[in-house]
Amino acid sequence: AELTIGFSQIGSESGWRAAETSVSKQEASKRKVNLKIADAQQKQENQIKAIRSFIAQNVDAIFLAPVVSTGWDSVLKEAREAKIPVVLLDRDIDPSGKELYLTAVTSDSVHEGEVAGDWLAKTVGAKACNIVELQGTVGASVATNRKKGFDTAIAKHANLKVVRSQTGDFTRAKGKEVMESFIKAEGGGKNICAVYAHNDDMMVGAIQAMKEAGLKPGKDILTVSIDAVPDIFKAMVAGEANATVELTPNMAGPALDAVAAFKSKGTVPPKWIQTESKLYTAADDPQKIYDSKKGLGY
Amino acid sequence: MSASMAGTRGSEFAMQNGPDPALPLLEVRGISKSFGAVRALQEVDFTLRAGEIHALLGENGAGKSTLIKVVTGVFPRDAGIVRIGGEEIAPRSAKAAVAAGIATVYQEVNLLPNLSVAQNLFLDRQPMRFGIVREGEMRRRAKALLAEFGLDIDVAAPLGHYSVAIQHVTAIARAVDLSARVLILDEPTASLDRHEVEILFGIMRQLAKRGIGIVFVSHFLDQVYEISDRITVLRNGRLVGEREKASLPRIELIRMMLGRELAETTNARAATSEYEAREVCASFENYGKAGYVVPFDLELRHGEVVGLAGLLGSGRTETARLVFGAERADGGKASVEGASVRLQSPRDGVRHGFGYCPEERKTDGIVAELTVRENIVLALQAKRGLHRPLRRREQDEIARRYVKMLDIRPPDPERPVGLLSGGNQQKVLLARWLATSPRLLVLDEPTRGIDVGAHAEIIRLIRELCDDGLSLLVISSELDEIVTYSDRVVVLRDRAHVEELAGEAVDVGNILAAIAADGAGVAHEERA
Amino acid sequence: MRGLPPALITAIVLVAGFAACAVQFPNIASTRVVGNLLTDNAFLGIVAAGMTFVIISGGIDLSVGSVIGFTTVFVALAIERWGMPPLAAFVAALALSAAFGAAMGAVIHVFDLPPFIVTLAGMFLARGASFLLSTESIPITAPIYSTVSDFALRLPGGGRLTAIAIIMLVIVIGGALLLRLTRFGANVYALGGSRVTASLMGVAVGTMTVKIYMLSSLLAGIAGIVFSFYTSAGYSLSAVGVELDTIAAVVIGGTLLTGGQGSVIGTFLGVLIQGLIQTYINFDGTLSSWWTKIATGILLFAFIALQQGLVALARRPLTKRAGAAS
Amino acid sequence: MTALLPRRGLAQILALIVILAVDRVVSPQFFDLRLQDGRLFGSLIDVLNRGTPVALLSLGMVLVIATRGIDLSVGAVMAIAGAIAASLADTHSLAVVLAAALGAGLICGLWNGFLVAVLGMQPIVATLILMVAGRGIAQLITEGRIVTFSSPDLVWLGNGAILGVPVPVAIALGMLILTGAVVRGSALGLLIEATGGNARASELAGVGTRAMILSVYVWCGVCAALAGVIAAADIMGADANNAGLWLELDAILAVVIGGTSLFGGRFSLVLAVLGALIIQTMNTGILLSGYPPEFNLLVKAVVVLTVLLLQSPKLTGFAGIAARLRRTKA
Ligand SMILES: Nc1ncnc2c1ncn2[C@@H]1O[C@H](COP(=O)(O)OP(=O)(O)OP(=O)(O)O)[C@@H](O)[C@H]1O
Ligand SMILES: Nc1ncnc2c1ncn2[C@@H]1O[C@H](COP(=O)(O)OP(=O)(O)OP(=O)(O)O)[C@@H](O)[C@H]1O
Ligand SMILES: [Mg+2]
Ligand SMILES: [Mg+2]
């Protein structure tokens with residue numbers, strides 16, 4: 001019979017998230033799976049409600065992109081009681097709940113930060129480099145992790161230093177505003193050698209701020225950010241961005257395969273299906289990547 | 001010094017021998033109070049004895065309400081002392097004043113329309129058991145209390161469902177029931193009719209007999225002479241004098257209040273034949289609304305005053321609102337200057353040259369935080385429309401003219417109208433409509449809360465406007481007043497127009513007869 | 001107003017809405033869904049009860065969402081990092097939140113500032129304070145948490161009446177009684193009628209204001225603890241935007257934002273209506289993020305309009321009756 | 001006239017000066033200005049430029065609040081207008097783009113006004129409906145993506161300069177003057193204040209209170225739409241998910257800091273805009289200060305409370321506090 005899967009999605013707070021949703025739908029329809037998506041509008045309580053109502057509807061499996069890592073125990077226990085397998089997408093949950101889900105298809109956001117930091121360290125070499133950081137939303141686990149990973153990577157290099165760090169709320173507008181003030185505060189941008197942004201959207205805003213201040217992003221100031229959304233490749237084509245770390249929007253594909261195998265043959269998948277955190281730079285033919293990503297719903 | 005000594009001695013004396021009517025119960029010395037530049041009270045003294053009914057009189061804005069609020073701690077005072085039973089008190093809130101033994105019905109309070117009548121009566125002192133309000137007991141007591149005032153209503157219903165009169169009686173009942181030593185009533189009778197006033201006076205006399213001192217503020221001099229023992233007069237925030245009622249002739253009292261003689265009002269009613277020849281300004285045929293007012297016919301001519309008389313709740317206000325367009329009629333025909341018109345909203349009324357001073361000045365009349373000037377030009381501006389704003393100079397001009405013409409005090413057009421005394425607010429409302437040069441003016445209780453001086457002026461003004469060809473429809477509970485200025489009087493009963501008196505037939509006796517004629521009377525006529 | 005109490009109208013709207021949803025998705029008409037409705041909205045029901053008091057008194061409290069967030073973080077830290085026994089942590093959290101509400105009430109009264117703005121500043125303050133405590137989400141592993149979250153009365157038909165749902169029901173009933181039967185309750189209505197008049201009638205307006213905001217914050221604190229039971233964690237970003245959901249629930253429940261009228265039971269029904277809207281959307285499951293928002297808006301409009309219509313209908317016969325009487 | 005030339009703006013001006021001084025302390029180059037590509041450049045310009053959306057919102061919001069209303073939907077309307085502008089920018093002329101975006105704002109305002117003035121809903125819930133649904137509509141237009149454009153005309157609107165002054169700032173100034181001229185040049189100001197002060201009395205005085213209420217919501221919608229277009233032009237893209245998010249609260253805050261009461265009546269356009277500037281001066285100061293972002297909200301709360309206390313009618317200086325404390329204790 002046709003599978004019905006409930007997907008508790010966080011919301012659509014960014015272009016990447018919209019792409020994840022639309023890619024999930026494509027992957028589901030490719031496999032003839034009936035995917036019910038409940039959008040939680042960024043609220044954990046809504047996600048819990050959604051999972052409860054999936055249980056009440058007796059779906060075949062539940063996908064959960066958790067907005068936060070904690071607080072899933074009791075609702076996932078209910079799912080287990082109802083014998084509905086749960087697959088985590090995109091983000092992991094707190095370790096105490098390991099036995100409560102079938103598998104997690106996620107990237108490692110600490111690792112993403114490390115990849116970004118390593119690239120920067122390699123590119124800068126031995127030169128002293130003042131970095132400014134555009135953080136994600138205060139309190140968001142991705143922001144915390146991407147900061148942690150980046151900090152670990154550059155801690156090994158005494159010449160790299162984060163001089164300013166503010167939140168840009170993962171948005172272009174705030175990214176631009178914060179970068180404007182960084183430039184003012186750091187001698188018109190002369191003291192900044194690189195920008196690290198927790199997502200590409202903030203970087204796109206920051207690039208504009210740099211241009212308006214008469215700086216050349218990508219040359220005067222290096223950029224590295226995370227997500228690999230199409231617009232950052234456009235900036236790379238224009239020579240205004242240097243590097244991005246990919247977070248693939250296709251988490252549902254592997255998850256669907258795992259569930260299908262589990263349902264038909266009882267194959268228990270590994271606990272963690274890690275997606276690749278691939279680094280892209282201007283050397284990777286950004287135009288081609290841009291064209292391939294354009295249609296994915298970012 | 002000596003006064004304070006006397007006070008102390010008095011209290012000891014009172015303690016030992018019970019209240020002595022000759023000794024001051026409430027003593028106010030040298031009270032001053034300013035609101036910014038306005039000196040509302042200057043060194044005012046006031047003495048109330050136990051067991052007396054003491055009238056506090058003065059023009060609008062003289063400072064009566066302010067004195068009361070200062071004494072009861074609603075306003076902080078600038079200087080002066082207050083003693084009750086010889087002991088100095090300095091209440092900082094109305095609650096503290098009640099604790100000190102002063103119960104007050106303030107002029108504008110009205111109670112809380114969203115609470116039930118019973119809750120209003122017993123707010124903050126409900127009968128309790130185990131921390132729970134005994135609702136049934138409270139209602140029972142409320143009913144009993146109101147029964148003393150001749151009121152039999154559903155005490156569980158929200159107070160706001162009842163008429164102003166009932167609300168006022170409730171407020172008085174609450175104050176009386178606080179069983180204080182001093183009872184202060186600021187214009188309690190303004191919205192009561194004769195019957196209710198008599199009940200109130202009866203209760204006041206009883207309380208006085210029990211040794212309670214009562215302060216009574218009113219602009220009805222008849223009532224003052226009927227009920228009070230002594231009279232204190234304020235003018236412009238200063239004490240003019242304190243007299244025994246018996247030794248104070250009315251003329252003298254008025255001179256004390258106004259600081260001048262009162263011009264005699266002339267009753268200039270036109271002869272019937274004369275006004276019948278006048279042109280019709282507005283007419284209503286079979287005009288009415290189901291559940292509101294029984295359809296009526298009414299013709300209003302240029303240059304005449306039509307009075308609406310009736311008991312509380314007889315449908316006078318409702319008639320006025322229909323005529324003005326504040327309420328939509330569901331049947332009948334209205335015409336202005338012979339042309340048929342539709343009156344769907346106040347805007348229609350204003351467009352056709354009507355004006356309406358509502359009876360509930362605070363909620364339906366003034367815009368408290370706007371200035372006197374802005375309140376005066378409001379209706380004129382609304383009539384002219386958005387794109388033809390009155391220039392500031394024109395506004396100043398208009399405001400100055402009416403402040404002068406109606407003697408609005410203080411004569412500062414830039415003062416927020418909410419800070420004016422009640423009577424002066426009423427004058428601002430009148431000015432608002434006069435500024436629109438209306439053809440028909442509907443006045444609902446225009447003299448309520450107005451002092452004798454202004455009262456005479458307003459009546460004179462009504463006649464003058466009438467001579468200028470204006471048509472007036474006036475509601476008043478004062479039959480004498482209605483008779484003074486009306487060319488015709490329409491009497492209402494149970495939301496229906498029952499009688500129309502004109503010319504010589506307009507007198508208090510006939511109106512009373514029409515009001516009082518009940519079902520029995522009708523039956524009697526039919527048999528005859 | 002006198003014809004049909006607003007809460008009854010809300011109840012009618014709720015029942016009609018529930019029936020309509022059940023026709024489309026028969027699964028909705030089950031004790032399981034009803035149980036979920038109570039559990040999932042437990043914290044909302046608790047804050048909304050407090051908000052009802054504030055709104056009836058003529059105020060508003062925008063800080064409740066942040067207070068919930070703060071409480072979850074505080075409780076989690078106290079139990080997990082500072083080693084406090086859970087009960088002590090709860091008491092401390094509630095004392096803090098009550099003091100916070102009292103402070104807001106005092107500022108509102110003493111400085112005569114609009115509640116909207118004072119509590120908006122309170123919202124920033126409480127959220128900011130929780131960021132300072134911890135930006136990471138902290139799992140709570142204390143045994144009492146699993147005990148409480150596993151406890152549930154089984155309803156016939158597979159439904160569960162959980163501990164937090166029971167807490168909410170108790171608070172709603174307690175709040176309703178407090179508002180209806182006590183002097184405090186009467187004073188709340190009095191303040192909403194008019195602060196000036198209430199003060200002239202001898203109500204201690206200042207004390208009342210402090211107490212009302214204290215109650216609201218205290219209930220927000222309890223809601224925070226309930227939220228931490230719900231998620232077994234403390235997280236500084238939890239319950240963002242809950243203040244608006246709460247206000248909407250109160251208003252849908254028939255309470256006037258201008259104050260002076262309303263009921264806790266009505267609010268509770270308002271919370272259920274909002275929960276029902278969400279359940280419906282979740283059951284549908286085909287809506288994209290944007291259609292979810294649009295549908296929520298449309299349903300909100302439909303419920304409020306229906307209610308407004310019923311109120312108008314309830315008033316009409318009254319005038320007729322008055323007409324017949326005269 | 002009182003509303004155009006603040007007589008009672010002293011507290012606000014003082015607050016602004018104090019916050020500017022603090023900004024100077026945390027960031028020594030705060031007052032530096034230079035010309036960059038024909039455009040003034042410096043922190044002060046950032047304050048004006050970033051303050052523009054909230055200033056525009058507060059221009060509409062102050063009128064709504066003056067009628068005793070509130071409009072929670074302005075952030076969502078910004079998102080809708082931005083989404084429309086961005087989707088049309090590369091295929092249509094600037095005039096068409098603006099007409100479409102502002103037209104959408106006008107329709108949103110009409111809807112809010114209809115719910116409040118005609119259906120008689122309470123403003124907070126009436127506009128909550130559009131606050132929720134409006135962002136959905138914006139996302140529907142962009143399908144959740146960030147729609148980017150390159151139309152130089154629209155980009156100029158966000159990043160260009162007129163005589164060195166950034167275009168958004170010039171637009172906001174123009175809107176302030178336009179609104180002031182319309183409101184105070186006609187009788188609208190008086191009638192709005194009367195409606196907010198006492199709607200029943202105003203209605204009885206012949207004021208078309210429904211029309212007043214309707215028109216302020218419409219104007220609020222238009223202002224919000226303009227703010228949305230500018231915000232989109234600024235980042236050369238429409239971010240329906242985040243544009244204007246929570247800005248309704250900032251706009252309300254600006255209006256209240258500007259001394260307009262949430263209970264309606266008297267209002268001041270200039271002071272509302274000043275309120276927006278106070279908020280932005282504070283925000284920019286926070287960004288320049290280099291404190292960790294966890295502190296942002298705390299600083300904001302403290303500043304807001306201080307500014308409000310400064311204006312409190314109950315408080316004139318320190319003596320006021322002492323007196324009040326003594327009174328409440330007693
Ligand atoms: N809260 C206030 N602020 C400023 N001025 C006030 C205030 N209350 C009263 N006044 C002014 O004080 C003066 C005295 O007013 P008050 O209300 O005491 O008069 P009154 O004698 O009671 O008049 P009325 O017979 O009309 O009720 C008036 O000039 C009035 O404008
Ligand atoms: N039974 C009632 N239930 C609810 N409201 C009432 C009732 N009777 C009267 N009212 C209200 O009380 C107010 C005064 O009543 P009404 O207008 O009928 O009296 P009136 O003849 O104008 O007398 P007055 O002007 O002295 O009050 C009106 O607003 C009316 O709607
Ligand atoms: Mg008075
Ligand atoms: Mg009447």
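Each residue, glycine too, has its Cβ placed from N, Cα and C.
Note that the structure is a prediction, hence the values are computed from the model and not measured.
Copied from TrEMBL, the annotated features are:
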- D:48-65: transmembrane segment (TRANSMEM)
- D:72-89: transmembrane segment (TRANSMEM)
- D:95-117: transmembrane segment (TRANSMEM)
- D:124-141: transmembrane segment (TRANSMEM)
- D:161-183: transmembrane segment (TRANSMEM)
- D:216-237: transmembrane segment (TRANSMEM)
- D:243-263: transmembrane segment (TRANSMEM)
- D:270-291: transmembrane segment (TRANSMEM)
- D:297-323: transmembrane segment (TRANSMEM)
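Across D:72-89, D:161-183, D:216-237, D:270-291, stretch D:72-89 shows the highest tally of CB pairs under 8 A with the transmembrane segment (D:124-141).
Between the transmembrane segment (D:161-183) and the transmembrane segment (D:216-237), three or more CB pairs separated by 6 or more residues in sequence fall under 8 Å, so the two stretches touch. Two recorded stretches are said to be in contact when at least 3 C-beta pairs lie under 8 angstroms, sequence spacing 6 or more; the transmembrane segment (D:48-65) and the transmembrane segment (D:95-117) fall short of this definition. Counting residues 6+ beyond its ends, the transmembrane segment (D:243-263) has Cβ neighbours under 8 Å at 8-9, 11-12, 15, 53-55, 57-58, 61-62, 65-66, 68, 70-79, 82-83, 131, 138, 196, 224, 227-228, 231-232, 270-276, 278-279, 304, 307-308, 311 in the same chain.
Counting Cβ pairs under 8 Å that are 6 or more residues apart, the transmembrane segment (D:72-89) and the transmembrane segment (D:270-291) reach fewer than 3 and are not in contact.
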